[in-house]
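Undergrad: Here you go, one structure.
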Amino acid sequence: MSKNKLSKGQQRRVSANHDRRLKQRADKPEPDDNLFGEVRDGVAISRFGMHADVEDADGSVHRCNIRRTIRSLVTGDRVRWRPGVEGGATVKGIVEAVHERTSVLTRPDFYDGVKPIAANINQIVIVSAILPELSLNIIDRYLVASETLNVEPLLVLNKTDLLDDEGREFVDEQMEIYRHIGYRVLMVSSHKKEGLRELEEALIGRVSIFAGQSGVGKSSLLNALLGLELGDEEILTKDVSDVSGLGQHTTTAARLYHFPHGGDVIDSPGVREFGLWHLEPEQITRGFVEFRDYLGGCKFRDCKHDTDPGCAIREAVDKGEIDASRFVNYHHILESMSEVQAKTRRSFSADKE
């Protein structure tokens with residue numbers, strides 16, 4: 001996702017941090033090339049500082065150093081790497097290069113502007129639930145992120161076992177808003193394991209992330225799909241400590257897991273709760289897919305799509321061609337973005353002083 005233009009002060013901060021990291025890396029000697037074998041392809045399944053866990057084609061995982069020339073490497077990156085020669089290198093391998101990404105998930109970062117956190121994702125599973133509450137506003141936020149990334153979204157409503165007939169009818173009406181504009185919706189229960197087979201099929205052949213507000217059961221759902229009988233947070237430490245003994249670093253590091261039925265998932269707290277703060281208003285507008293046919297049809301080129309005279313989108317809402325709740329959420333998102341961006345600017349200014 002693209003970012004807002006940084007102020008000169010922010011640009012200086014980003015540049016200074018990058019230069020500092022380059023100097024730190026330059027102070028450390030590169031490993032001897034003779035200690036490593038032939039170059040091969042792999043996937044970065046997690047990263048810890050200047051090391052990455054790289055999975056080879058045979059499924060084996062290798063803790064690798066990262067060349068200083070590599071500016072950015074995140075979970076999901078396809079890489080070129082070399083294994084350590086047995087009895088020679090003190091590390092299992094070294095990452096030489098990163099292949100071009102098909103997509104990259106980012107989040108705002110106070111020091112570096114925008115920070116990549118996962119790469120090559122092709123599906124965002126947007127998880128919601130009737131508890132703590134069904135929030136269409138949050139669903140719409142994640143849909144905007146998906147559309148901006150050009151990554152296919154999948155809407156999953158969890159905890160459906162808690163619905164009575166009346167509640168199920170209400171929820172189905174709400175979900176019809178999204179089905180009507182072309183989104184796929186699945187109703188599941190991780191507790192009762194209902195609807196999981198259909199969800200498993202939707203994950204095959206995909207690199208997915210699971211996103212949604214706290215309390216909707218993302219971790220429980222992932223554990224059920226991965227075949228784990230673990231607590232909500234233990235997914236973030238399983239396998240990493242088994243592979244490298246570095247489980248203490250995994251609570252914030254994104255990691256790629258394989259579903260037993262096929263498909264992959266990249267998971268971490270940062271991945272689950274990425275935001276929209278670094279988007280432009282025009283990107284938010286285009287992120288509402290049903291608005292697109294009306295863009296360019298407004299009377300004024302700088303139309304805010306609110307109370308402006310001759311607004312084609314507003315007229316479509318009045319005619320029932322665009323759902324009114326989506327239109328309201330669109331403006332809520334714009335307002336909240338403005339508030340967050342203003343707060344961020346104040347933080348930068350205060351820090352500068």
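Residue numbers in this text run from 1 along the chain shown.
Cβ coordinates come from backbone N, Cα and C, glycine included.
Straight from Swiss-Prot, here's the annotation block:
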BINDING   N158, K159, T160, D161, G212, Q213, S214, G215, V216, G217, K218, S219, S220  GTP binding site
BINDING   C298, C303, H305, C311  Zn(2+) binding site
COMPBIAS  1-14  compositional bias 'Polar residues'
COMPBIAS  16-31  compositional bias 'Basic and acidic residues'
DOMAIN    102-274  domain 'CP-type G'
REGION    1-36  region 'Disordered'
Undergrad: Could you measure between H305 (Zn(2+) binding site) and G212 (GTP binding site) for me? Cα positions, answer in whole angstrom.
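TA: With distance taken Cα to Cα, G212 (GTP binding site) is 27 Å from H305 (Zn(2+) binding site).
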Undergrad: Determine the minimum-neighbour residue: among T160, S214, listed as binding-site residues, which Cβ has the fewest other Cβ atoms within 10 angstroms?
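TA: So among T160, S214, the binding-site residues given, the one with the fewest Cβ atoms within 10 Å is S214.
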Undergrad: Starting from the Cβ centroid of C298, C303, H305, C311, which together make up the recorded Zn(2+) site, report each further residue of the same chain whose Cβ lies within 8 Å of that point, ordered by sequence.
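TA: Here the nearby residues are K299, F300, K304, D306, D308, G310, A312, I313, R314.
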Undergrad: Quick one: what's DSSP say for N158 (GTP binding site), helix, strand or coil?
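TA: Once the DSSP labels are grouped into three classes, N158 (GTP binding site) ends up as strand.
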Undergrad: Quick check: of the binding-site residues listed here (N158, S214, S220), which one has the Cα closest to that of C303 (Zn(2+) binding site)?
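TA: Closest by Cα: S214.
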Undergrad: Which of these binding-site residues is closest to C311 (Zn(2+) binding site) if you go by CA atoms: N158, T160, G212, S214, S220?
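TA: Closest by Cα distance to C311 (Zn(2+) binding site) among the binding-site residues N158, T160, G212, S214, S220: G212.
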Undergrad: Could you check what DSSP calls S220 (GTP binding site) once collapsed to helix, strand or coil?
TA: helix
Undergrad: In whole Å, how far is C298 (Zn(2+) binding site) from K218 (GTP binding site) when you measure between their Cα atoms?
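TA: Per the Cα atoms, K218 (GTP binding site) and C298 (Zn(2+) binding site) stand 40 Å apart.
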Undergrad: C-alpha of V216 (GTP binding site) to C-alpha of C298 (Zn(2+) binding site): distance in Å?
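TA: Pair distance, Cα basis, whole Å: 39 Å.
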Undergrad: In the structure shown, with every protein chain counted, which of the binding-site residues N158, S220 has the densest set of Cβ atoms within 10 angstroms of its Cβ?
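TA: Selected residue: N158.
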Undergrad: Just to verify: the residue among K218, H305 with the fewest other Cβ atoms within 10 Å, which of the binding-site residues is it?
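TA: Taking K218, H305 as the binding-site residues, the minimal 10 Å Cβ count falls on H305.
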Undergrad: Using CB atoms and a 10 A radius, I'd like the single residue among the binding-site residues V216, C298, C303, C311 with the highest neighbour count.
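TA: It comes out as V216.
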